[in-house]
C-alpha cells in the first residue's frame, strides 16, 4: 500500500509562546524538530485549533510556517491551517502559507455562519483553486456548527487538489461510505478513535496527544496497516489514558502543561483560553508518568 500524501502520522502542534505572550519562533522550530525526530511524525500541522489560530495574527501565522519549514526541511510535511469563516480571507491565508513554504493546507468548514452545503462546496472549491497545494478538509461540526455531509464530500473529492479529510465527526459509517466512493485519504481527528477509522479504510491520524505518544501511535498505525491487529490494539490500550487524558482540559492547554512537566517549556496559552487547573494538570502528569512517555 502506498503511503498517503501527508504520511500516516501528523501532530497538530501547539504554538510556543514567550513569557510575555509573543510567539516564540525559536522554540517553535525546536518543537517541530522534536516531534519529527523523537516522536516519529511524518508531518506537522501548524496554525490549527491546537496551535491557537483564533488568537494569532496573519503575520504570526506566516512566521510560524516559515519557522517549521526551516526546522524540519524535507524530513516531514508541513501542513498549514488556513481555515476561516470568510472565503476571501481563507484564500489570502492560503496564498500566504504557500509563499511561506507549506506543503499542504488544512481547511476547516466555515464556522459560526452555518453555510449551506452548496456554500461549503463553493468555499472549499475556491480555496482549492487558489494555490497548487494539496488540501486536507477538516470536518469538525462540534466546533463549526455544520457538518460536511456525505454527498458534499463525495462531490468535493472530484477536485484534484482536495485529497484528504481530517475527520473529527466521529461517525465511522459515514466516513466509510465516503471512502468507498472516493480516493480521499481519511485521517482521524480524534486520537482515541483512530483504530476504528483505520478499520474501515482510514490512513492515519492528525493528533494532539501525539506530542507525547507519537512514536507509539505510529507503531499502532503501522501494525494495523500491516495486518498485525492484536499488536496494534495492545499498544493502543497501553497509551489510551494519554489519548483521552489530554482532552480533560482544552487540548492546547494540556499539551503545554504536559510538555513543561517533561522539561520542554512552551509558555502559556493566550486568552480567552486558560491553563489547566492544578488538579487537572496533576492528574494528566500522573497519566504521562505511569505510561512512561
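Placed from the backbone N, Cα and C atoms, the Cβ positions cover glycine too.
Annotation source Swiss-Prot lists site 'Part of a proton relay during catalysis' at 49, 112. Feature annotation from Swiss-Prot assigns pyruvate binding site to 50, 206. Swiss-Prot lists 138 with the feature active site, proton donor/acceptor, giving sequence analysis as the kind of evidence. Residues annotated as active site, schiff-base intermediate with substrate in Swiss-Prot: 166.
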C-alpha spacing of residue 138 (active site, proton donor/acceptor) relative to residue 50 (pyruvate binding site), in angstrom: 13
Residue with minimal Cβ packing [other Cβ atoms within 10 Å] among the recorded positions 112, 138: 112
Minimum Cα separation from residue 138 (active site, proton donor/acceptor), reported as the residue among recorded positions 49, 112, 166, 206 that achieves it: 166
Length of the line joining the Cα atoms of residue 166 (active site, schiff-base intermediate with substrate) and residue 206 (pyruvate binding site), in Å: 7
Alpha-carbon distance [residue 206 (pyruvate binding site); residue 49 (site 'Part of a proton relay during catalysis')] in Å: 12
Residue 206 (pyruvate binding site) versus residue 112 (site 'Part of a proton relay during catalysis') - Cα distance in angstrom: 23
Close in space, distant in sequence - residue 206 (pyruvate binding site), Cβ under 8 Å, 6 or more apart: 10, 11, 12, 45, 106, 136, 166, 187, 188, 189
All-chain count of other Cβ atoms within 10 Å of residue 49 (site 'Part of a proton relay during catalysis'): 22
Around the Cβ of residue 50 (pyruvate binding site), the count of other Cβ atoms that are within 10 Å: 25
